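Annotated in TrEMBL:
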type	residues	note
DOMAIN	148-483	domain 'RCC1-like'
REPEAT	164-216	repeat 'RCC1'
REPEAT	217-270	repeat 'RCC1'
REPEAT	271-323	repeat 'RCC1'
REPEAT	327-380	repeat 'RCC1'
REPEAT	381-432	repeat 'RCC1'
REPEAT	433-499	repeat 'RCC1'
REPEAT	500-535	repeat 'RCC1'
Amino acid sequence: MDATTSGTPTIQYHNIPHQSGTAIAAASVPTFPRQVRHCFGDSSPGEFPLAANPSIVLHVLTACNLDPRDLAKLEATCSFFRRPANFTPDYELSISELAALDICKKRAIFKPMTDEECQNLKRKCGGSWKLALRFLLAGEACCRREKSQAIAGPGHSIAVTSTGVVYSFGSNTSGQLGHGTMEEEWRPQQIRLSLQGIRIIQAAAGAGRTMLVSDAGRVYAFGKDSFGEAEFGVQGTKLVATPQLIESLKDIFVVQTAIGNFFTAVLSREGRVYTFSWGKDRKLGHQTEPNDVEPQPLLGALEDVPVVQIAAGYCYLLCLACQPSGMSVYSVGCGLGGKLGHGSRTDEKHPRLIEQYRLLNLQPMVVAAGAWHAAVVARDGRVCTWGWGRYGCLGHGNEECESVPKVVEALSKVKAVHVATGDYTTFVLSEDGDVYSFGCGESASLGHNTAAEGQGNRHANVLSPELVKSLKQVKEKVVQISLTNSIHWNAHTFALTESGKLYAFGAGDKGQLGVELMNNQTERINPERIDIDLE
(Lines of atoms letter the chains of each structure in order from A and count residues from 1; the text may use other names and numbers.)
(Lines give C-alpha, C1' and ligand atoms only; values in the text may rest on other atoms or scores of the structure.)
Protein backbone atom coordinates (compact mmCIF):
# COMPACT_ATOMS: atom_id res chain seq x y z
CA MET A 1 0.00 0.00 0.00
CA ASP A 2 1.31 3.46 -0.85
CA ALA A 3 2.48 5.74 1.92
CA THR A 4 -0.17 8.33 1.08
CA THR A 5 -3.06 5.90 1.71
CA SER A 6 -5.31 7.03 4.58
CA GLY A 7 -7.46 5.10 7.01
CA THR A 8 -6.66 2.23 9.36
CA PRO A 9 -8.57 -0.89 8.29
CA THR A 10 -8.46 -3.92 10.54
CA ILE A 11 -7.98 -7.59 9.80
CA GLN A 12 -8.96 -10.62 11.85
CA TYR A 13 -6.00 -12.18 13.66
CA HIS A 14 -6.50 -15.61 15.24
CA ASN A 15 -4.34 -16.20 18.29
CA ILE A 16 -4.27 -19.99 18.54
CA PRO A 17 -2.77 -21.21 21.84
CA HIS A 18 -0.68 -24.37 22.12
CA GLN A 19 -2.88 -27.45 21.90
CA SER A 20 -1.97 -30.23 24.29
CA GLY A 21 -3.89 -33.11 22.77
CA THR A 22 -7.33 -31.50 23.05
CA ALA A 23 -8.99 -29.88 20.04
CA ILE A 24 -10.22 -26.37 20.57
CA ALA A 25 -13.43 -25.42 18.87
CA ALA A 26 -13.04 -22.67 16.32
CA ALA A 27 -15.86 -20.72 17.96
CA SER A 28 -13.88 -20.48 21.21
CA VAL A 29 -10.87 -18.86 19.57
CA PRO A 30 -10.86 -15.13 20.36
CA THR A 31 -10.19 -12.56 17.65
CA PHE A 32 -8.30 -9.32 18.02
CA PRO A 33 -8.27 -6.30 15.72
CA ARG A 34 -4.83 -5.57 14.24
CA GLN A 35 -4.06 -2.23 12.72
CA VAL A 36 -2.34 -2.06 9.35
CA ARG A 37 0.67 0.23 9.73
CA HIS A 38 1.51 2.81 7.10
CA CYS A 39 4.77 4.48 6.13
CA PHE A 40 3.84 7.89 7.53
CA GLY A 41 1.93 6.65 10.55
CA ASP A 42 0.03 8.79 13.04
CA SER A 43 -0.15 9.10 16.77
CA SER A 44 -1.25 5.51 17.32
CA PRO A 45 0.73 3.71 20.05
CA GLY A 46 3.46 1.47 18.63
CA GLU A 47 3.40 3.12 15.21
CA PHE A 48 6.76 3.45 13.37
CA PRO A 49 6.46 6.50 11.13
CA LEU A 50 9.11 6.23 8.40
CA ALA A 51 8.82 9.93 7.58
CA ALA A 52 9.86 10.80 11.11
CA ASN A 53 12.86 8.46 11.06
CA PRO A 54 14.44 8.71 7.59
CA SER A 55 18.01 8.38 8.87
CA ILE A 56 17.21 4.99 10.41
CA VAL A 57 15.62 3.83 7.16
CA LEU A 58 18.65 4.99 5.17
CA HIS A 59 20.98 3.15 7.54
CA VAL A 60 18.99 -0.08 7.17
CA LEU A 61 18.90 0.14 3.36
CA THR A 62 22.64 0.78 3.18
CA ALA A 63 23.60 -1.86 5.73
CA CYS A 64 21.58 -4.50 3.88
CA ASN A 65 23.40 -3.78 0.59
CA LEU A 66 20.18 -3.95 -1.36
CA ASP A 67 20.29 -4.72 -5.06
CA PRO A 68 19.64 -1.70 -7.32
CA ARG A 69 16.49 -3.39 -8.59
CA ASP A 70 15.16 -3.70 -5.03
CA LEU A 71 15.81 -0.01 -4.42
CA ALA A 72 13.96 0.81 -7.62
CA LYS A 73 11.00 -1.34 -6.50
CA LEU A 74 10.82 0.56 -3.23
CA GLU A 75 10.50 3.81 -5.16
CA ALA A 76 7.86 2.32 -7.42
CA THR A 77 5.65 1.05 -4.59
CA CYS A 78 5.97 3.70 -1.86
CA SER A 79 6.03 7.48 -2.24
CA PHE A 80 8.14 7.84 0.92
CA PHE A 81 11.11 6.39 -0.99
CA ARG A 82 10.53 8.76 -3.93
CA ARG A 83 10.41 12.03 -1.99
CA PRO A 84 13.51 14.22 -1.46
CA ALA A 85 15.14 13.09 1.79
CA ASN A 86 16.74 16.47 2.68
CA PHE A 87 20.07 14.82 3.50
CA THR A 88 23.58 15.69 2.48
CA PRO A 89 25.30 15.54 0.06
CA ASP A 90 22.25 16.30 -2.11
CA TYR A 91 19.02 17.40 -0.44
CA GLU A 92 17.02 16.57 -3.56
CA LEU A 93 17.97 12.88 -3.58
CA SER A 94 15.45 10.30 -2.43
CA ILE A 95 16.14 7.78 0.32
CA SER A 96 16.67 5.00 -2.24
CA GLU A 97 19.07 7.14 -4.29
CA LEU A 98 21.05 8.02 -1.16
CA ALA A 99 21.22 4.33 -0.21
CA ALA A 100 22.55 3.49 -3.69
CA LEU A 101 25.17 6.25 -3.36
CA ASP A 102 26.25 4.99 0.06
CA ILE A 103 26.61 1.43 -1.29
CA CYS A 104 28.61 2.78 -4.25
CA LYS A 105 31.00 4.39 -1.76
CA LYS A 106 31.77 0.93 -0.36
CA ARG A 107 33.04 -0.32 -3.73
CA ALA A 108 36.84 -0.35 -4.09
CA ILE A 109 36.78 1.22 -7.55
CA PHE A 110 34.48 4.05 -6.45
CA LYS A 111 36.33 5.07 -3.29
CA PRO A 112 39.26 6.99 -4.88
CA MET A 113 37.08 8.86 -7.39
CA THR A 114 36.73 12.63 -7.09
CA ASP A 115 33.30 14.26 -6.83
CA GLU A 116 33.51 15.30 -10.48
CA GLU A 117 34.45 11.77 -11.56
CA CYS A 118 31.56 10.33 -9.52
CA GLN A 119 29.09 12.70 -11.14
CA ASN A 120 30.44 11.85 -14.60
CA LEU A 121 29.99 8.16 -13.87
CA LYS A 122 26.43 8.77 -12.71
CA ARG A 123 25.66 10.73 -15.88
CA LYS A 124 27.20 8.09 -18.12
CA CYS A 125 25.20 5.32 -16.43
CA GLY A 126 21.89 7.12 -17.01
CA GLY A 127 21.68 9.85 -14.35
CA SER A 128 20.86 7.65 -11.36
CA TRP A 129 22.96 6.32 -8.49
CA LYS A 130 20.99 3.09 -8.70
CA LEU A 131 22.15 2.66 -12.28
CA ALA A 132 25.73 3.55 -11.28
CA LEU A 133 25.55 0.90 -8.55
CA ARG A 134 24.29 -1.67 -11.05
CA PHE A 135 27.27 -0.83 -13.27
CA LEU A 136 29.76 -1.33 -10.42
CA LEU A 137 28.21 -4.59 -9.21
CA ALA A 138 27.99 -6.02 -12.73
CA GLY A 139 31.71 -5.44 -13.26
CA GLU A 140 32.62 -7.14 -9.99
CA ALA A 141 30.40 -10.13 -10.75
CA CYS A 142 31.68 -10.97 -14.23
CA CYS A 143 35.39 -10.21 -13.70
CA ARG A 144 35.94 -11.39 -10.10
CA ARG A 145 37.46 -8.01 -9.25
CA GLU A 146 38.63 -7.81 -5.64
CA LYS A 147 38.52 -11.63 -5.46
CA SER A 148 41.01 -14.44 -6.00
CA GLN A 149 41.44 -15.68 -9.55
CA ALA A 150 43.51 -18.00 -11.72
CA ILE A 151 44.51 -17.49 -15.35
CA ALA A 152 45.42 -20.44 -17.60
CA GLY A 153 47.56 -18.71 -20.21
CA PRO A 154 49.34 -20.12 -23.27
CA GLY A 155 52.03 -22.27 -21.64
CA HIS A 156 52.16 -20.27 -18.40
CA SER A 157 49.81 -19.55 -15.52
CA ILE A 158 48.99 -16.67 -13.20
CA ALA A 159 47.24 -16.87 -9.82
CA VAL A 160 46.06 -13.84 -7.83
CA THR A 161 45.11 -14.15 -4.15
CA SER A 162 42.24 -12.25 -2.54
CA THR A 163 44.84 -10.00 -0.89
CA GLY A 164 46.42 -9.08 -4.23
CA VAL A 165 49.53 -11.27 -4.15
CA VAL A 166 50.52 -12.77 -7.54
CA TYR A 167 52.04 -16.18 -8.30
CA SER A 168 53.24 -17.42 -11.70
CA PHE A 169 54.53 -20.70 -13.13
CA GLY A 170 55.12 -22.52 -16.41
CA SER A 171 56.86 -21.46 -19.64
CA ASN A 172 59.13 -18.43 -19.34
CA THR A 173 60.84 -18.03 -22.72
CA SER A 174 60.05 -14.30 -22.83
CA GLY A 175 60.20 -13.49 -19.13
CA GLN A 176 56.41 -13.71 -18.87
CA LEU A 177 56.59 -15.10 -15.31
CA GLY A 178 57.99 -11.81 -14.03
CA HIS A 179 60.75 -13.28 -11.82
CA GLY A 180 63.67 -11.57 -13.58
CA THR A 181 64.80 -14.76 -15.35
CA MET A 182 63.95 -16.82 -18.44
CA GLU A 183 63.78 -20.14 -16.59
CA GLU A 184 60.69 -22.33 -16.40
CA GLU A 185 58.98 -22.74 -13.04
CA TRP A 186 57.16 -25.97 -12.22
CA ARG A 187 55.89 -24.71 -8.89
CA PRO A 188 54.02 -21.46 -8.14
CA GLN A 189 56.43 -18.67 -7.27
CA GLN A 190 55.39 -15.30 -5.89
CA ILE A 191 56.24 -12.32 -8.08
CA ARG A 192 58.09 -10.00 -5.71
CA LEU A 193 60.12 -7.82 -8.06
CA SER A 194 58.49 -4.42 -8.70
CA LEU A 195 55.27 -5.38 -6.89
CA GLN A 196 56.17 -4.65 -3.26
CA GLY A 197 53.26 -2.90 -1.58
CA ILE A 198 51.07 -3.17 -4.71
CA ARG A 199 47.72 -4.98 -4.58
CA ILE A 200 46.73 -6.69 -7.84
CA ILE A 201 43.01 -7.14 -8.63
CA GLN A 202 43.09 -8.60 -12.17
CA ALA A 203 45.47 -10.40 -14.53
CA ALA A 204 45.63 -11.41 -18.19
CA ALA A 205 47.98 -13.80 -19.97
CA GLY A 206 48.79 -13.98 -23.66
CA ALA A 207 51.41 -15.71 -25.80
CA GLY A 208 54.67 -14.82 -24.10
CA ARG A 209 53.32 -11.86 -22.11
CA THR A 210 51.43 -11.02 -18.94
CA MET A 211 49.57 -7.95 -17.71
CA LEU A 212 48.48 -7.10 -14.16
CA VAL A 213 46.04 -4.43 -12.92
CA SER A 214 46.42 -2.90 -9.44
CA ASP A 215 43.71 -1.56 -7.16
CA ALA A 216 45.06 1.91 -7.93
CA GLY A 217 44.23 1.48 -11.62
CA ARG A 218 47.84 1.02 -12.75
CA VAL A 219 48.84 -1.61 -15.34
CA TYR A 220 52.07 -3.62 -15.22
CA ALA A 221 53.34 -5.71 -18.14
CA PHE A 222 56.17 -8.18 -18.67
CA GLY A 223 57.30 -10.70 -21.27
CA LYS A 224 57.25 -9.57 -24.90
CA ASP A 225 57.41 -5.80 -25.02
CA SER A 226 54.76 -5.56 -27.76
CA PHE A 227 51.17 -5.13 -26.63
CA GLY A 228 49.94 -7.20 -29.56
CA GLU A 229 51.54 -9.13 -32.38
CA ALA A 230 51.17 -7.15 -35.58
CA GLU A 231 49.34 -8.52 -38.59
CA PHE A 232 52.40 -10.00 -40.28
CA GLY A 233 54.00 -11.50 -37.20
CA VAL A 234 56.11 -8.47 -36.26
CA GLN A 235 56.93 -8.64 -32.56
CA GLY A 236 58.74 -6.50 -30.07
CA THR A 237 62.47 -7.20 -29.91
CA LYS A 238 62.84 -6.39 -26.22
CA LEU A 239 61.99 -8.91 -23.52
CA VAL A 240 60.96 -7.62 -20.08
CA ALA A 241 61.43 -10.13 -17.25
CA THR A 242 59.98 -8.08 -14.37
CA PRO A 243 56.69 -6.16 -14.07
CA GLN A 244 57.00 -2.69 -15.59
CA LEU A 245 54.48 0.12 -15.27
CA ILE A 246 52.84 1.04 -18.58
CA GLU A 247 53.44 4.78 -18.71
CA SER A 248 51.01 5.40 -21.56
CA LEU A 249 48.15 4.28 -19.28
CA LYS A 250 49.08 6.40 -16.26
CA ASP A 251 46.25 8.86 -16.92
CA ILE A 252 43.64 6.10 -17.26
CA PHE A 253 42.30 4.28 -14.19
CA VAL A 254 42.19 0.70 -15.53
CA VAL A 255 40.08 -2.07 -13.99
CA GLN A 256 40.50 -4.86 -16.56
CA THR A 257 42.80 -5.88 -19.38
CA ALA A 258 42.36 -8.52 -22.11
CA ILE A 259 44.98 -9.89 -24.51
CA GLY A 260 44.12 -11.06 -28.02
CA ASN A 261 46.55 -12.32 -30.63
CA PHE A 262 46.80 -9.07 -32.61
CA PHE A 263 45.87 -6.52 -29.97
CA THR A 264 45.47 -5.74 -26.28
CA ALA A 265 42.46 -3.98 -24.76
CA VAL A 266 41.95 -2.25 -21.42
CA LEU A 267 38.79 -1.07 -19.65
CA SER A 268 38.68 2.07 -17.52
CA ARG A 269 36.66 2.31 -14.32
CA GLU A 270 34.31 4.71 -16.12
CA GLY A 271 33.55 1.98 -18.66
CA ARG A 272 35.65 3.29 -21.57
CA VAL A 273 37.49 0.77 -23.78
CA TYR A 274 40.99 1.42 -25.15
CA THR A 275 43.11 -0.78 -27.43
CA PHE A 276 46.76 -1.02 -28.44
CA SER A 277 47.94 -2.11 -31.88
CA TRP A 278 45.90 -3.59 -34.72
CA GLY A 279 44.41 -0.23 -35.48
CA LYS A 280 45.48 -0.04 -39.14
CA ASP A 281 42.55 0.69 -41.48
CA ARG A 282 40.44 1.32 -38.37
CA LYS A 283 39.99 -2.40 -37.68
CA LEU A 284 39.24 -1.66 -34.02
CA GLY A 285 37.55 1.68 -34.29
CA HIS A 286 40.58 3.92 -34.71
CA GLN A 287 43.21 4.50 -37.36
CA THR A 288 46.76 3.87 -36.16
CA GLU A 289 49.80 1.89 -37.17
CA PRO A 290 49.89 -1.83 -36.24
CA ASN A 291 52.72 -1.33 -33.74
CA ASP A 292 51.26 1.74 -32.07
CA VAL A 293 51.87 1.47 -28.32
CA GLU A 294 49.63 4.38 -27.31
CA PRO A 295 46.15 3.44 -26.04
CA GLN A 296 43.39 4.52 -28.41
CA PRO A 297 39.72 4.73 -27.32
CA LEU A 298 37.18 2.74 -29.28
CA LEU A 299 35.04 5.05 -31.38
CA GLY A 300 31.47 4.63 -32.53
CA ALA A 301 28.56 3.18 -30.57
CA LEU A 302 30.47 2.72 -27.30
CA GLU A 303 31.87 6.24 -27.01
CA ASP A 304 29.35 7.19 -24.33
CA VAL A 305 28.07 3.78 -23.23
CA PRO A 306 29.62 2.31 -20.04
CA VAL A 307 31.21 -1.13 -20.49
CA VAL A 308 31.55 -3.51 -17.51
CA GLN A 309 33.57 -6.33 -19.10
CA ILE A 310 35.77 -6.93 -22.14
CA ALA A 311 36.76 -10.29 -23.67
CA ALA A 312 39.40 -10.73 -26.37
CA GLY A 313 39.45 -13.55 -28.92
CA TYR A 314 42.11 -14.29 -31.51
CA CYS A 315 41.19 -11.30 -33.69
CA TYR A 316 38.03 -9.77 -32.23
CA LEU A 317 36.76 -8.07 -29.10
CA LEU A 318 33.49 -8.40 -27.16
CA CYS A 319 32.19 -5.69 -24.81
CA LEU A 320 29.47 -6.19 -22.19
CA ALA A 321 27.73 -2.83 -21.81
CA CYS A 322 25.47 -1.55 -19.03
CA GLN A 323 22.70 0.75 -20.28
CA PRO A 324 19.56 2.10 -18.55
CA SER A 325 17.49 -0.27 -20.71
CA GLY A 326 19.55 -3.28 -19.60
CA MET A 327 22.73 -5.20 -20.40
CA SER A 328 23.91 -5.67 -23.97
CA VAL A 329 26.87 -7.02 -25.95
CA TYR A 330 28.86 -5.26 -28.68
CA SER A 331 31.47 -6.85 -30.96
CA VAL A 332 34.22 -5.51 -33.20
CA GLY A 333 37.01 -6.99 -35.33
CA CYS A 334 37.23 -10.00 -37.62
CA GLY A 335 33.91 -11.64 -38.48
CA LEU A 336 35.26 -14.87 -39.95
CA GLY A 337 33.09 -17.82 -38.86
CA GLY A 338 30.30 -15.53 -37.67
CA LYS A 339 31.95 -14.98 -34.30
CA LEU A 340 30.81 -11.33 -34.12
CA GLY A 341 27.23 -12.55 -33.76
CA HIS A 342 25.54 -10.33 -36.36
CA GLY A 343 24.31 -13.03 -38.74
CA SER A 344 27.14 -12.50 -41.22
CA ARG A 345 30.87 -13.12 -41.56
CA THR A 346 31.90 -9.57 -42.37
CA ASP A 347 34.40 -7.58 -40.32
CA GLU A 348 33.29 -4.69 -38.13
CA LYS A 349 35.55 -1.63 -37.87
CA HIS A 350 33.52 -0.15 -35.02
CA PRO A 351 31.67 -1.79 -32.12
CA ARG A 352 28.25 -3.02 -33.20
CA LEU A 353 25.36 -4.09 -30.98
CA ILE A 354 24.44 -7.80 -31.17
CA GLU A 355 20.68 -7.59 -31.71
CA GLN A 356 19.91 -11.28 -31.13
CA TYR A 357 19.62 -10.93 -27.34
CA ARG A 358 16.63 -8.64 -27.67
CA LEU A 359 14.93 -11.21 -29.92
CA LEU A 360 15.69 -13.95 -27.39
CA ASN A 361 14.40 -11.77 -24.51
CA LEU A 362 17.71 -12.42 -22.78
CA GLN A 363 19.76 -10.19 -20.45
CA PRO A 364 23.49 -11.03 -20.88
CA MET A 365 25.49 -10.90 -17.64
CA VAL A 366 28.83 -12.60 -18.45
CA VAL A 367 30.60 -12.74 -21.80
CA ALA A 368 33.51 -14.97 -22.92
CA ALA A 369 35.54 -14.79 -26.13
CA GLY A 370 37.28 -17.95 -27.27
CA ALA A 371 39.83 -17.96 -30.04
CA TRP A 372 37.12 -18.54 -32.69
CA HIS A 373 33.83 -18.75 -30.81
CA ALA A 374 32.03 -16.88 -28.05
CA ALA A 375 29.54 -17.45 -25.24
CA VAL A 376 27.26 -15.50 -22.91
CA VAL A 377 25.47 -16.30 -19.65
CA ALA A 378 22.11 -14.58 -19.16
CA ARG A 379 20.52 -13.32 -15.94
CA ASP A 380 18.06 -16.22 -16.03
CA GLY A 381 20.91 -18.76 -16.32
CA ARG A 382 20.61 -19.55 -20.01
CA VAL A 383 23.79 -19.99 -22.07
CA CYS A 384 24.24 -18.80 -25.65
CA THR A 385 27.13 -19.67 -27.98
CA TRP A 386 28.07 -18.66 -31.51
CA GLY A 387 30.97 -18.62 -34.00
CA TRP A 388 33.02 -21.54 -35.31
CA GLY A 389 31.47 -24.83 -34.14
CA ARG A 390 34.48 -27.03 -34.78
CA TYR A 391 34.87 -30.04 -32.44
CA GLY A 392 31.45 -29.26 -30.93
CA CYS A 393 32.66 -26.22 -28.96
CA LEU A 394 29.21 -24.54 -29.27
CA GLY A 395 27.49 -27.40 -27.45
CA HIS A 396 24.67 -27.83 -29.98
CA GLY A 397 25.46 -31.47 -30.74
CA ASN A 398 27.18 -30.78 -34.05
CA GLU A 399 30.14 -28.92 -35.56
CA GLU A 400 28.14 -26.30 -37.45
CA CYS A 401 28.94 -22.59 -37.30
CA GLU A 402 26.41 -20.18 -35.80
CA SER A 403 26.52 -16.53 -36.89
CA VAL A 404 24.12 -15.32 -34.19
CA PRO A 405 23.91 -16.31 -30.51
CA LYS A 406 21.99 -19.54 -30.03
CA VAL A 407 20.72 -20.95 -26.72
CA VAL A 408 22.39 -24.23 -25.70
CA GLU A 409 19.28 -26.36 -25.28
CA ALA A 410 21.18 -29.22 -23.63
CA LEU A 411 21.70 -26.89 -20.63
CA SER A 412 18.04 -25.92 -20.32
CA LYS A 413 17.78 -27.48 -16.85
CA VAL A 414 21.00 -25.85 -15.63
CA LYS A 415 21.13 -22.33 -14.20
CA ALA A 416 24.55 -21.08 -15.29
CA VAL A 417 26.45 -18.29 -13.56
CA HIS A 418 29.78 -18.32 -15.38
CA VAL A 419 31.24 -19.39 -18.73
CA ALA A 420 34.80 -19.76 -20.01
CA THR A 421 35.98 -20.32 -23.58
CA GLY A 422 39.27 -21.30 -25.14
CA ASP A 423 40.55 -22.69 -28.43
CA TYR A 424 37.44 -24.66 -29.51
CA THR A 425 36.56 -25.51 -25.89
CA THR A 426 33.84 -24.25 -23.54
CA PHE A 427 33.15 -24.62 -19.82
CA VAL A 428 29.92 -23.69 -18.04
CA LEU A 429 29.65 -23.27 -14.27
CA SER A 430 26.23 -23.74 -12.66
CA GLU A 431 24.75 -21.95 -9.67
CA ASP A 432 25.33 -24.98 -7.43
CA GLY A 433 28.97 -25.38 -8.47
CA ASP A 434 28.63 -28.12 -11.08
CA VAL A 435 30.88 -27.80 -14.12
CA TYR A 436 30.02 -28.79 -17.70
CA SER A 437 32.41 -28.83 -20.66
CA PHE A 438 32.32 -29.50 -24.39
CA GLY A 439 34.44 -29.11 -27.49
CA CYS A 440 37.97 -30.20 -28.38
CA GLY A 441 39.24 -33.03 -26.18
CA GLU A 442 42.92 -32.49 -26.99
CA SER A 443 45.29 -32.52 -23.98
CA ALA A 444 42.57 -33.74 -21.59
CA SER A 445 41.68 -30.10 -20.91
CA LEU A 446 37.92 -30.88 -20.81
CA GLY A 447 38.30 -32.96 -17.68
CA HIS A 448 36.70 -36.10 -19.18
CA ASN A 449 38.61 -39.38 -19.19
CA THR A 450 37.75 -40.14 -22.83
CA ALA A 451 41.01 -41.23 -24.46
CA ALA A 452 40.32 -42.48 -27.98
CA GLU A 453 41.36 -46.08 -28.52
CA GLY A 454 44.85 -46.45 -29.96
CA GLN A 455 45.55 -42.71 -29.94
CA GLY A 456 47.58 -42.41 -26.77
CA ASN A 457 47.06 -38.97 -25.27
CA ARG A 458 44.45 -37.90 -27.81
CA HIS A 459 40.99 -37.60 -26.31
CA ALA A 460 37.54 -37.72 -27.86
CA ASN A 461 35.74 -34.47 -28.70
CA VAL A 462 32.51 -33.67 -26.85
CA LEU A 463 29.70 -32.23 -29.00
CA SER A 464 27.18 -31.58 -26.21
CA PRO A 465 27.66 -30.38 -22.61
CA GLU A 466 28.77 -33.11 -20.22
CA LEU A 467 29.19 -32.90 -16.46
CA VAL A 468 32.85 -32.88 -15.46
CA LYS A 469 32.60 -35.74 -13.01
CA SER A 470 36.25 -35.49 -12.01
CA LEU A 471 35.54 -32.11 -10.40
CA LYS A 472 32.68 -33.61 -8.38
CA GLN A 473 35.35 -35.60 -6.55
CA VAL A 474 36.78 -32.33 -5.23
CA LYS A 475 33.70 -32.07 -2.98
CA GLU A 476 33.84 -28.28 -2.95
CA LYS A 477 31.86 -25.68 -4.83
CA VAL A 478 33.72 -24.40 -7.90
CA VAL A 479 33.47 -20.63 -8.37
CA GLN A 480 35.75 -19.99 -11.36
CA ILE A 481 37.00 -21.86 -14.43
CA SER A 482 39.88 -20.65 -16.60
CA LEU A 483 41.28 -22.35 -19.69
CA THR A 484 43.91 -21.66 -22.30
CA ASN A 485 42.67 -19.36 -25.05
CA SER A 486 45.36 -19.73 -27.72
CA ILE A 487 45.80 -21.71 -30.91
CA HIS A 488 49.55 -22.03 -30.38
CA TRP A 489 49.59 -24.13 -27.20
CA ASN A 490 48.06 -27.32 -25.87
CA ALA A 491 45.40 -26.28 -23.39
CA HIS A 492 45.17 -26.62 -19.65
CA THR A 493 42.37 -25.75 -17.24
CA PHE A 494 42.02 -24.35 -13.72
CA ALA A 495 39.12 -24.84 -11.31
CA LEU A 496 39.01 -22.50 -8.30
CA THR A 497 36.87 -23.48 -5.30
CA GLU A 498 34.96 -21.33 -2.86
CA SER A 499 37.59 -21.81 -0.15
CA GLY A 500 40.43 -20.72 -2.45
CA LYS A 501 41.79 -24.13 -3.44
CA LEU A 502 43.07 -24.37 -7.01
CA TYR A 503 42.90 -27.54 -9.13
CA ALA A 504 44.53 -28.07 -12.53
CA PHE A 505 44.34 -30.56 -15.40
CA GLY A 506 45.27 -30.76 -19.07
CA ALA A 507 48.64 -30.10 -20.71
CA GLY A 508 51.54 -29.65 -18.30
CA ASP A 509 54.71 -30.08 -20.33
CA LYS A 510 56.05 -26.63 -19.36
CA GLY A 511 55.02 -26.67 -15.72
CA GLN A 512 51.83 -24.70 -16.34
CA LEU A 513 49.85 -27.07 -14.08
CA GLY A 514 51.91 -26.06 -11.05
CA VAL A 515 52.98 -29.67 -10.47
CA GLU A 516 55.93 -31.57 -11.89
CA LEU A 517 54.84 -34.45 -14.10
CA MET A 518 56.63 -37.76 -13.81
CA ASN A 519 57.53 -40.65 -16.15
CA ASN A 520 57.52 -38.60 -19.36
CA GLN A 521 53.95 -37.45 -18.80
CA THR A 522 52.80 -34.38 -20.76
CA GLU A 523 49.31 -33.99 -19.34
CA ARG A 524 47.13 -34.77 -16.37
CA ILE A 525 43.61 -36.14 -16.87
CA ASN A 526 42.25 -35.78 -13.34
CA PRO A 527 42.27 -32.47 -11.42
CA GLU A 528 45.14 -32.17 -8.98
CA ARG A 529 45.35 -29.54 -6.30
CA ILE A 530 48.13 -26.96 -6.62
CA ASP A 531 50.08 -26.17 -3.48
CA ILE A 532 48.74 -22.64 -3.08
CA ASP A 533 45.77 -21.10 -1.24
CA LEU A 534 44.25 -18.06 -2.91
CA GLU A 535 41.95 -16.93 -0.09
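Numbers run from 1 along the shown chain.
Note: Cβ is positioned from N, Cα and C throughout, glycine not excepted.
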Count up the helix, strand and coil residues in the repeat 'RCC1' (433-499) according to DSSP, in that order. 7 helix, 25 strand, 35 coil
The mean pLDDT across the repeat 'RCC1' (381-432) is 96
Contact ranking winner - 164-216, 327-380, 381-432 against the repeat 'RCC1' (500-535), Cβ under 8 Å: 164-216
